[in-house]
Every structure is written in C-alpha cells, then in structure tokens.
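Notes for the one structure printed next.
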2 protein chains.
Amino acid sequence: MKIGILGYGNLGRGIESAVRQNDDIELTAVFTRRDPSSVKTATGIPVYSTVDAMKLKDNIDVLILCGGSATDLPVQTPEYAKYFNVIDSFDTHAKIPEHFAAVDAAAKAGGKVGIISVGWDPGMFSLNRLYANAILPDGKDYTFWGKGVSQGHSDAVRRIEGVKDAKQYTIPVPEALDAVRGGTDPELTTRQKHTRECFVVAEDGADKERIEREIKTMPNYFSDYDTTVHFITEEELKANHSGIPHGGFVIRSGKTGLDGEHRHIIEYSLKLDSNPEFTSSVLIAYARAAYRLSKEGQTGCKTVFDIPPAYLCKEDGAYLRAHML
Amino acid sequence: MKIGILGYGNLGRGIESAVRQNDDIELTAVFTRRDPSSVKTATGIPVYSTVDAMKLKDNIDVLILCGGSATDLPVQTPEYAKYFNVIDSFDTHAKIPEHFAAVDAAAKAGGKVGIISVGWDPGMFSLNRLYANAILPDGKDYTFWGKGVSQGHSDAVRRIEGVKDAKQYTIPVPEALDAVRGGTDPELTTRQKHTRECFVVAEDGADKERIEREIKTMPNYFSDYDTTVHFITEEELKANHSGIPHGGFVIRSGKTGLDGEHRHIIEYSLKLDSNPEFTSSVLIAYARAAYRLSKEGQTGCKTVFDIPPAYLCKEDGAYLRAHML
C-alpha cells in the first residue's frame, strides 16, 4: 500500500517516521506548496509540488492531508477527495458536520473514500466516548486534557506585545479527576477541571507585570482558568520546553441495575511524548482502513465511528481472533 | 427491536435490567431449561421452556445466550444461530477460533448473524488491545485484572474439604501498574502482576492451617501468586463480600520517532460494581449491532473487531458526528 503526504510540517514528519514501523505501507511522495527543492525530507522521500500531485495519482493509494484545520483542510480534503482516497485530522469539532458533507459529496463523485477527523481528539477520545455511551446509557461524560502543550494557547501568548516566545501547558486538576473516578458525578466548572501554566520569554525591557496581567485576563483563552506565568530565558525555554507532549482522560461514570444501584467507571487515557507523532500513528492505521474500504468498492466520507476495528490492522481476522480477542 | 434471553442467572438478570435503560429495545421472552413455572423474572417478563423457543422465533430479533462458556455456549450458540440472530459472551480465550468456526457455519446456513465473545474480556479489553496495537506497532501490552471477584478461583477454594463458602479477589500490584505507566516496559512475572486474597468460611472444627496450605499451594490457581487467606464468619461473608465487583487495566506502552525517541502510554481501565451487569450492558449494545447487520442482509459470525462502533448506538451517524466526534 502506497501513501502520499500533503504538507510537510510536524504531522507530515510524524507520518514519515510512523510509516517505517509498518512494513505493509510505503511512503512514495511528499507534496508541498513551497518550492520542492527547498524541502528536504528526513528519510529521503522525494518531494513534489502540489501542482504535480495529479501526475502521481496512480502511484498513491491513500493521500494523507497534513494541513491545518483552520484554513487548509476545509479546502484541501474535499478537493483531493475527488481524485484520491484521503484522510485528515480535521479537529474543529463544531465544523465537523459541514466538513463531512463536503468530503462526502466529493469522494462520492470521485468514487473515492475519505476519512476525516482522525487522531486522538477527535479520534480515539471520540471512539471511547461513543463506546462508553453505548454501554452505559445512564451516565455522565468527562474529558480532561493534558498535561500537554496547547499550540493555540501558546500562539495566543506569543501575540502579546513584549513576548518573544512562549509555551502553554494545559493541566488537569488532580482533585477533579479523583472526584470523577470516585463516582460522585460532580458538576465541574471550567476552572475546577484544568489549570494553565505559561513559560514566557519576554523581550528585553518589556513590562512583565503587564504581560502577566494580559495573559491572565485574556477572554476565552485564560480568563476562566487559574493561570500561572513563569518568565524564563530563551535558553531555558529551548532546553526544557521544546517538546510537544500531550494527552488526557475520557471518563464515563454510569449506573446499572433495576434501581441504578451499581456504579461503573470506564476510563481511557493517553500520555504522549509527542502529540504530532501519536496523531500520525493513528492516521497511518486509518489510512490502511481507507485503502481496504476503497478496494471493497466503498465510497464517500467516513469517520472513526464507521470503521470496523479490524480494518486498522495488517493481520487478518483469524489472527486477530486467536491473538487479541 | 425485540430480544430474548436464554438462561436466567446473573447475566440474564443483568440483561433484564439493562434493557430498561434502552428505550429502543424490548425484552419479550426469557427461556429456561428449568420448569418455566419455577422461574419468576424481576420485571414480570414471561418465561418459556427452551423447547418452545422455536415457536417464538418470529417475535425475537436477537437472542442473547446467557449460559456458561464451559459447556453451555459451545453447544447453544451454534445451535440457536441456525434460527435466530444470536449473541454470547463466550470467554474461553483459547477456544475462540473453534467457537467462531462453529457459529459462523451455523449462522451462514441459517442466514443469521452471530456475535461471539462480547463483554469486557473478551470484549472491551480486546478492542483496546487491538486499537492500541494498530496505533503503536512498536510497543508492549499489559493486562491487569481486578480488584475483583474471580468466580473460578472462588469455586476452587469452595471445593477444598472443610470450606463452607469462600470469595476470592484478584488484585493488581500497584507497583507493577506504576512501572508500566512509567514507560520502562518491565518484564513482569505472574507473581509480580497480581496478588490473591481469599475470604473463607470454614466448617465447624475444620483444620484451618491445612485449608490455608491447600489454597496457597494449589497449582494453576494459587501457587504462582502471593495469596492472603482470611477466615471469617458466614455473616461477615454475606455482609461484606456478597457483591460481584471486577475491573482491570489494559495498557500499551510504545515508541515512535525515527529513533524511537518518543514514548506513549495508552491506558483503558474499568472499575465495575457488578461484573454481570456491566457485561450485560455490553451485550445489549452489540445486540443492537447484530440486529442492524442482519437487517442489512449480512450473515455469519462476527466479533467486536468486525463491528463499526456506530452500530452500537441508537442515534444516527449525523447525530453521533455532531455530538460525540
């Protein structure tokens, strides 16, 4: 099975390394909107301009779209779904229905399969919400994120005047996690669920008090949270905060029995050293599913909810039943 | 959608209460091998003899087989799969391939769907093993069970001379769980992963030292574990150990990156007040899937690996994408 990557950022590089862990998958091409001669891949995969993508159409079983959800994917996924089996990690939750409709129409017109919103949230977290809800209809869902780097919040801090660089960590409140696991079904406010921690490199002579105040009072991003701000040097930021870890917890607490007398807790958690590399690994598994569905003659848009789990594995059903069931 | 139950023990009663949490599902009949007049259901569902099951064939969309894996299900599931869509919780891992083959042949001959080995292990634990392996091919799996009551081990203790009654708890070793979560990929022996705790009611005048020795040295069941034995009164056993809690942890620790430089931990855990009621709740969700697959014209045996997650939910795809993805 041959795959292509469109977009060579953190996610594209993650796909490049993940492919090497899957001996049934080969990476044939990287497509970029930049000048291809300016892009050098880590493992020597050839780089082409996106304008030449159509020429390699027959050499690519699944095209993995590695652009951003804000402006890239809403355009790219429907566009390429006309000609390729595609998969993306579109993560703007509120816009998933319209993205689905656009990709579905394009993929059906082209006789291709598109799988959208693949990763961990949306993705594995969504799957765990769905399974847990199907099993325990009388219950309550909780999702916690972190400890991990939020790219959006880090960017928001970087836009403040006088900030040279910054990293923001989202951190679940341990007491809130414990209360949920204890089965008491607590009502938790935004502030009670997560704290935020910022590591900020200030420009020379910048007013740190003002920067800290601007961070802590920033609407939507920080004002509803307890936020801690640390000013550090550029060297410290580079040495201690250059990774992109993330993770989180999906918990459903529910009751069964004739009088709801029995309590059950289903918990799924991720602790990830590299957010983009993990997302890439999920994308690779679902690329395999896209390829299989397409070979079966299926077309249109799918999500993780539609894919039989066995389609993610290179092993056949008999092997999986004997070794994993 | 109308379901029937075959076998009215802990699992059958669990199904009876779980049905009431799902307004798209109706329980029409309970079948028993006993004299039907001797069985009274908790919610007034009519009870029939298994010999009359065929007469109610057209009133039942899915028949849930609630017998035991040792002798009941290997016979019942293939037998009834000829005439009904069926689902079971067959849990003898080593015999799943042959059970699958028998149910597959019968269900195909009858034009029906059979889903086997549904519950939490096999079942939800298997699913989590599969997803985690598909995502992180370079990694290591760990399964821990408990804290919970092992029916098999409790029975083994009860068979010892001088034992009037007993309950056995399987308990994961906290240090082993922590080591796995720490990402050190430890090699763990049986003894290092779980301890066993027995609460025993001895017959009057029984030799407690001998009983304790027989428990601790029992091959397969206890000799490979550190086991604690408590002698208690019949009243204490009833007051403090009459529940059937269980649960456990499925963890995969894996690496990504060009040089395996990033570590990821995927963890799924269950904390269940009632093992049979939770298993029943999983069965109900998969009964819904069996019904849908059958309506689509599919036939043969399936497992949790083959079922698209969305088939477990009563809501449609658009709702699920908008609310759970």
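Any Cβ shown, glycine's included, is placed from N, Cα and C.
TrEMBL names A:Trp145, A:Thr170, A:Arg196, A:Asn275 as substrate ligands; from the candidate set A:His230, A:His241, A:His246, the record adds A:His246 to that same site. Sorting the domain 'Gfo/Idh/MocA-like oxidoreductase N-terminal' (A:1-69) by DSSP state (H, G, I as helix; E, B as strand; all else coil) yields 23 helix, 19 strand, 27 coil. In sequence order, the binding-site residues from A:Tyr8, A:Arg34, A:Pro122, A:Trp145, A:Arg196 that place a Cβ under 8 angstroms from a chain B Cβ are A:Pro122. Here the Cα atom of A:Thr170 (substrate binding site) is found 21 Å from that of A:Phe90 (NADP(+) binding site). In the three-state DSSP assignment, the secondary structure recorded for A:His246 (substrate binding site) is strand. Among the binding-site residues listed (A:Trp145, A:Arg196, A:His246, A:Asn275), A:Asn275 has its Cα nearest to the Cα of A:Gly68 (NADP(+) binding site). Taking a C-beta cut-off of under 8 Å and a sequence gap of six or more, A:His246 (substrate binding site) has these contacts in its own chain: A:Trp145, A:Gly146, A:Lys147, A:Gly148, A:Val149, A:Leu270, A:Leu272, A:Asn275, A:Phe278.
In sequence order, A:Val30, A:Thr32, A:Val39, A:Thr41, A:Val47, A:Cys66 constitute the residues six or more apart from A:Tyr8 (NADP(+) binding site) in its chain with CB-CB distances below 8 Å.
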